[in-house]
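Peer 1: Features from TrEMBL:
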type	residues	note
DOMAIN	161-298	domain 'Nrap protein'
DOMAIN	305-437	domain 'Nrap protein'
DOMAIN	442-605	domain 'Nrap protein'
DOMAIN	621-830	domain 'Nrap protein'
DOMAIN	832-975	domain 'Nrap protein'
DOMAIN	988-1117	domain 'Nrap protein'
C-alpha cells in the first residue's frame, strides 16, 4: 500500500524509480531504468496520479468528464498572443484618448452646434430631441478594462472586450436624472469621444449600438486595426462617478420621469407614479464602479471560480438564454458570499451547486441581495412590488435583473433542473448535451408564436396599457409590449405550458456619422418579437378550461378575462363552474388548442387578428391526414390506428376465449407498425367488394378493364400482422417439415373456431390465418421458439450444430423481437402521444425522397424517431409531431453514425453495465450496422433487429436532412411561410433512368403528399361477409422483379406511398469492361477495344427490359 504522506513524486519522476510497499523510492541502475521506461505502461502509479484519481472521484463527475472540462476550458481560453497584441493596442488607444483636449464650450443640445463641430451624430432617438439641457465636455481621467476579459473569464469565441470610461461628476447636475436629461448628456459625451476615435488609424469600423437593446443607452463598438480585428471587438461604455447622484433618488418608489414630458401635456401631475424601470437605466451607470470592484475582489484571484464562470457562460450561450455575463458573474459572487460555493471546490462542483441552488430559487417571490448593510436601503418587498425578478447589487439600490423578464428567469430555472438531471444520469455522457450541443429555437419549443406586423402589435398593445406602465418603461416601448403580451399568455395558457420564453431581436448597429432614424430606414431595420412555448403534455390537449365556481368572487374575474367564451357548465361531480370549451375532438385537433387560445385572447384584448399571427407548430398536420377520407373521423392516421387497435383488442379477446383447441392461446401480439401508431397510411374499414370472385371467405383478383383499356385495380387493403403464442407443450415434432404441418393444422382449427364461435370471416393458409374484423383484415401466425431452433440446426459429419441462418434470423426478428418491440413502441406512444405521428412524418419524408425500404428500413426509422423521445437531451420530449420531425432530422444529420451508439431503454430499467454491454455488442455485430440503435428487447432475444440502411443511402438521407433543416429554419424563422410541403418534393435530376407508372395502377396514389384532399361520401355499412384482396401491390411486385434480375447493375428507388416514378441509378462499375465468363454473361454486349473483344453491360437492352417487364404497368421509360 502506498503511503502518500511520506513521498512526493512528480509525474516525470515515475520513470526514474519504483515505489515499494512501504512507499519508498527504489532507485535502479541505468539498465533497469531503461527497462522501466520501456515498460512504463505497466508501472505502478505515482503519487500525483493517485492524488489526481482521488480528486477526480471527489471533485468531478467522472474521469472522462474532468478531461472534457479541462479540454473545453483550454479551447475557449483567450490565446496568449491575442492578449499581448491587445495590450499593445490598448496602450496606443489609451494614449489617443488622453490626447482629447478639454472643451470649455457649453452646447445647447436642442440645437445642432455640437454635431456640426464634432462631425458625428448624436446616438439618440427623435423623441429625446425635445429634452432641453446644456452640455459641457469635462475630460475623463481613466479608461479601464472591465467585464469578463478583465476578470480572466472571457471566451475567445466572439470575444468582446469591455472598456469603461468614467464620466466626471461635474458633467451632470443633480436634476439631470429627470426626463432623460442624463441620457441625452451621456449620448453627447459618447459622440464627443467618437469624433476623436473616428480620426484614429488604429481603429476600423466604428459604430454605435445599444446596451441590451435599450435605445436610450448607446455604446460604441469598434474593431482594432490589423490582425487583431479577426479575434475580437471592443465595446466602450460610459459610467458615472459614485458621487454624481444620491442613490436614494432612484429607489423603486421614486419618480424621475414626468407624465407631462412623456405624453407632451401641459398639465403637471402632483403625484406621478413610480418609475423603477427608468430609474434602473441610470442606476446601471451610477453603481457600475462599486459592482465592478466587488467582482474583482471576489473572482480575480480565484481560478476555480473563474473556470466555473466560463463553464456557465458556455452553457448559457449554447441554450440561447438572454442572460448577460455580468449577471452570471454576480450570481457566482452571491453564492460565494452565502458560502454555497468557494474557491476550494472544483469548477464542476461550483457549477453543479449553482445549478442546484438556481433550480430551487424563487427570485420572483423571494429576491436575493449582495448588499450587506440593508437597513438604510429599500426593502426586498419594495423591489418585488415594482420588478418581476429581484437581485439587488452591493449598493442595495440597483436591481441587477431589472431587464430580466419572468420567462427568462423561468427558462434559467428549468435549464438548471435539466442540467442537474443530466449530471445525475449515469447512463449518458452529460458533458456533450450540456456544453457542446447548441439549443436552437426551432428545436427547443413545441409552439413558437411570431408576429407578422410589429408596428400593429405595438400600437394595439400601447393603446390598452395603463399610463403608469407607459411612464415606468418610458421610451423602451418594446420591453413594455413584451412584458404585457407575456403576462397575457401566461395567464391564458396557465398549466398548459411548462415555459413561455420571449425572444426579442432588437440589436442594431449603425455608423457614427449617421442619424439613428435614417440608419434604420436605410438598413430596413425591423424589431422582431417571438414567444416560445414548451407544452405540458398532460394538460395542453385538454379542451375544457375549468374556472372557479359561479358563486365565488373569482368568477367575475374569470368572466372578465375570457369574455364571451366563458359559460356556466355543470359537471358530473355536481359542480357548477365558469368554463371555456375549445374545439377539438380528435387528438390532432386538440393539439391546436393552444393556438386557439392565443388567437382568441390576442383578438379579444388587443384586436390583433389571427391572420397577423404566425404559429410554428402544425404546419405538417396535413401530411398525417388520409386524403381520400378528408372530413371523416378516421381521416387522421392516429384515429385510424386507434380504430385498428380497438378491433384488434376485440379479436384478441375472442382468440383467448376460443374453445375446443388442442392448446389454449396464451397471448396475441401485434407486429405491424399500425399497432405502435407509426404506419403513415393505416388501414381503413371499407365496404365489401361488389360482385366479387370468391373462394370460401376470401375474395379473388378480378380481371377487368377500365374505359382507357388499363386493368382495373382493386382497392389496396393492407393486413395487420400478429403472432399467436400457444400454451406450453412438449409434443411439438423435432422435424421442421412436420413442425410446419402441425402449425398449418392449428391455423385451420383456429379459423374454424373463429367462424363457429364468433361468426367471423376467416381464411386459413399453411403459414397464417386471415381474419376479417370490423372491416379490417388481420393476419395471424403461430410463433414458437422451437421452429427457430430447428431452422438453426445443421448436421455435419453426424454432429448436430446450431448455426444462424438468414431464415432463422428473419423468423426470430418477426416472432420474438417485433412483438416485444411493438409493445414497447406502443407504450412509448401512450407516454408521449407525439411519437406515432412523428414516426409517420419521418417515414413519409424518407419515402418521398425515394428512400423507402429496403434503402431505409421501416423499423430503423421508427427507432430513430423513438430516440428523440428517449434521448431528448438537451431538450425535453416534443409534444407536437411537426417539431418531432425537426428533431429527428437534426438527429439524422448531426450524428456521426459510424461511432455513435444509442441504447433505447423503454422501461428505464437497464444498468450502466448492461448498457455498456449492449453498446459493445452492437459495435461488434458481424452484420456491420450502419445505424447503431439498440433496444433493451434485443438484450433478451439477441441482436436480431435489421442492420440499418446501406451507407450510401444513409449519407444521402443525412445530406437531405441537413438541406431540409436549412429550408425549415429560413421558412419558419426568417419568413412567414406556412407551406412546408416542398421539403417532401424529391430531386430526380441525380438519377439515370426514370420509370413512369400509370397512376391508376399505383396503390395509394391518391395519398401522395401533394395530392389534394377528396371528401368522399360517408362510408356505408362495413360488410364483414368477405375478405377483400389483401396486400396486392403490383408496383412492389414489379420492383422485386427488377431488383432480382438487375440488382447487380442498378439500384431502384421508389416512393412507397403513392409514388408514380421508379428512379434508377446505375452502379459505379456498370461501365467497366469485363472478361467473358459463362456464369456471368447476363446483360453483356461485346465491344472491340484495342483489337481485343471485351464485354460491357448493355444498358440499352436492360432499359428495354424495364419496359417489357412492366408491360401494362409502365407508362414510359425516360433516360436522363
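The backbone N, Cα and C atoms fix where each Cβ goes, glycine too.
Whatever TrEMBL says is automated annotation, not expert-curated.
Bear in mind that the values here come from a model prediction, so they are computed numbers and not experimental data.
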Peer 1: Please tell me whether the domain 'Nrap protein' (161-298) and the domain 'Nrap protein' (621-830) touch - that is, whether there are at least 3 C-beta pairs under 8 Å between them, with each pair 6 or more apart in sequence.
Peer 2: no
Peer 1: List the helix, strand and coil residue totals of the domain 'Nrap protein' (161-298) as derived from DSSP.
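Peer 2: The composition, in the requested order, is 55 helix, 36 strand, 47 coil.
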Peer 1: Count up the helix, strand and coil residues in the domain 'Nrap protein' (832-975) according to DSSP, in that order.
Peer 2: 83 helix, 8 strand, 53 coil
Peer 1: Go ahead and report the DSSP secondary structure tallies for the domain 'Nrap protein' (305-437): helix first, then strand, then coil.
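Peer 2: The breakdown for the domain 'Nrap protein' (305-437) reads 71 helix, 5 strand, 57 coil.
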